[in-house]
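Encoded as structure tokens, the structure appears first; notes follow it.
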Amino acid sequence: MSEAEARPTNFIRQIIDEDLASGKHTTIHTRFPPEPNGYLHIGHAKSICLNFGIAQDYQGLCNLRFDDTNPVKEDIEYVDSIKNDVEWLGFHWAGNVCYSSDYFDQLHAYAVELITKGLAYVDELTPDQIREYRGTLKEPGKNSPFRDRSVEENLALFEKMRTGGFEEGKACLRAKIDMASPFIVMRDPVLYRIKFAEHHQTGNKWCIYPMYDFTHCISDALEGITHSLCTLEFQDNRRLYDWVLDNITIPVHPRQYEFSRLNLEYTVMSKRKLNLLVTDKHVEGWDDPRMPTISGLRRRGYTAASIREFCKRIGVTKQDNTIEMASLESCIREDLNENAPRAMAVIDPVKLVIENYPQGESEMVTMPNHPNKPEMGSREVPFSGEIWIDRADFREEANKQYKRLVMGKEVRLRNAYVVKAERVEKDAEGNITTIFCTYDADTLSKDPADGRKVKGVIHWVSAAHALPVEIRLYDRLFSVPNPGAAEDFLSVINPESLVIKQGYAEPSLQNAVAGKAYQFEREGYFCLDSRYTTADKRVFNRTVGLRDTWAKAGE
């Protein structure tokens with residue numbers, strides 16, 4: 001298959017192919033323009049993969065541009081986080097990072113040009129009055145009483161705005177379009193508002209700041225963007241995008257194209273709702289492993305490759321739809337099944353004593369790091385007469401479907417011996433505290449010599465060599481597929497979204513590094529946590545289970 005055939009295809013790429021074939025463009029130039037007022041989430045990853053992926057596939061350029069026109073909500077912390085997320089996903093922007101604030105002087109000059117042409121005016125209605133005058137979808141708006149000021153008066157008032165002569169909310173600059181337009185976005189939209197706030201890039205140079213719709217199209221044009229890709233909620237805004245560029249003296253007129261945003265089950269994408277989760281401490285921060293933020297997914301153990309694969313699979317369309325969480329989980333599960341080394345950890349431990357094993361002795365058992373990849377090598381794991389097994393791997397009585405350890409029957413310890421359960425000890429409440437077994441010394445990594453069949457295999461950790469670990473079992477943050485539709489989305493938070501266990505792991509995991517994934521055999525995929533791990537305490541996060549347990553629960 002050729003490189004071109006291997007590329008994903010969608011309506012945007014078809015437009016680009018036509019533009020290149022017709023000679024309309026010879027180089028493709030896209031951009032990713034986040035506002036630095038929060039952390040990026042999986043929905044932004046779709047836009048990142050689309051814009052940077054197109055530039056990559058067509059040997060073009062993609063800018064990273066911060067839409068930093070509201071200093072009240074923005075912070076350099078978010079700028080740094082966004083840059084880190086884009087790079088972590090595996091993409092690189094063209095040249096230096098761009099900022100809309102880089103163009104404040106040009107934007108101001110274009111605003112003056114619109115005033116000079118009689119296409120913009122300074123309005124002194126209050127924000128509430130502007131909303132009232134705007135009308136509704138069924139009713140046209142009303143002209144502001146300040147709409148017909150002369151060009152000279154508007155120029156003087158706009159300069160007064162710029163030099164701090166008005167208080168916040170007392171004046172704004174509006175485009176003069178059509179208050180009866182069927183599209184509310186075209187009813188004399190605000191182009192500039194007053195904000196006495198220090199900007200993280202320009203300091204206190206400005207006290208007037210341009211609105212998104214005015215800034216976005218001009219920034220695209222100044223950067224030579226050929227295809228401006230936005231999500232569907234900006235579809236009506238395209239009319240204003242084109243109006244601004246049609247009415248100023250600028251040589252380049254990019255085109256805006258809209259695609260559906262990413263909606264994902266069992267989570268929320270609204271910045272307001274995500275912020276509420278953080279500020280009300282329902283989660284521990286923006287990088288909480290249950291959050292849909294890129295930093296949260298990264299801390300949970302998701303790989304950049306799995307997120308890119310997910311964005312590739314869901315594709316790009318004009319139709320809004322909701323993607324199953326299982327689709328995202330299958331991407332990371334497939335990635336880690338292929339690439340994660342194996343290790344053993346016992347999450348809910350109970351002691352197993354092998355009574356006929358040489359007392360006080362131990363031995364090393366060789367285990368492959370990956371069952372299907374000999375090139376990943378092997379490791380030596382200590383084995384002894386006292387081990388930890390998972391409590392769920394033993395029953396005093398069980399039916400034939402239970403393939404683990406049962407009283408009076410045998411089971412294989414992974415890559416070690418066959419053991420037989422002989423008796424148990426219990427505490428005062430009747431809980432099993434110790435399982436006593438015997439072992440067949442001739443079954444190290446081989447079948448019993450007499451040909452008897454031992455079907456079950458369980459994992460284990462040598463008690464004398466065990467590494468105490470905290471294991472954080474993360475699950476879906478919400479208990480319903482569409483929490484955003486709930487009357488109170490906080491009421492449907494999954495109470496089991498985080499369960500903390502104290503367990504034991506094989507000693508090789510002492511050398512685990514944050515972010516590196518492992519398959520804990522028979523348990524799932526885990527990675528060392530970057531926040532809570534210390535030299536004395538190893539904390540592992542569950543990235544995803546070995547299979548989709550939610551699908552079974554929903555049947």
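Every residue gets a Cβ built from N, Cα and C, even glycine.
Record features (Swiss-Prot):
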type	residues	note
BINDING	35-37, 41-47, Thr231, 261-262, 269-271	ATP binding site
BINDING	Asp67, Tyr212	L-glutamine binding site
REGION	317-324	region 'Interaction with tRNA'
MOTIF	34-44	motif ''HIGH' region'
MOTIF	268-272	motif ''KMSKS' region'
Within-chain partners of the motif ''KMSKS' region' (268-272) [C-beta distance under 8 Å, separation at least 6 from its ends]: 37-38, 41-43, 261-262, 292, 478, 483-484, 489
DSSP-assigned states of the region 'Interaction with tRNA' (317-324) in counts, ordered helix, strand, coil: 0 helix, 2 strand, 6 coil
Sparsest Cβ surroundings (other CB atoms within 10 Å) among the binding-site residues Asn37, Leu262: Asn37
Spatial separation of Asp67 (L-glutamine binding site) from Thr231 (ATP binding site) - C-alpha basis, Å: 15
Spatial neighbours, same chain, of Ile42 (ATP binding site) - Cβ under 8 Å, 6+ residues apart: Leu262, Leu264, Met269, Pro292, Thr293, Ile294, Leu297, Ile307, Phe310, Leu328
Cα distance (Å, whole number) from Tyr212 (L-glutamine binding site) to Lys46 (ATP binding site): 21
Spatial separation of Asp67 (L-glutamine binding site) from His44 (ATP binding site) - C-alpha basis, Å: 14
Lys46 (ATP binding site) CB neighbourhood, other CB atoms within 10 A: 24
Neighbourhood of Tyr212 (L-glutamine binding site), C-beta criterion under 8 angstroms, separation at least six: Glu35, Asp67, Thr69
Residue distribution over DSSP helix, strand and coil in the motif ''HIGH' region' (34-44): 3 helix, 1 strand, 7 coil
Average model confidence [pLDDT] within the motif ''HIGH' region' (34-44): 96
Residue among binding-site residues Thr231, Ser270 with least C-beta crowding, 10 angstrom cut-off: Ser270
Lowest local Cβ density among Glu35, Asp67, which the record lists as binding-site residues, within 10 Å: Glu35
For Lys46 (ATP binding site), the three-state class that DSSP assigns: helix
Where Tyr212 (L-glutamine binding site) sits in the secondary structure, as DSSP reduces it to three classes: helix
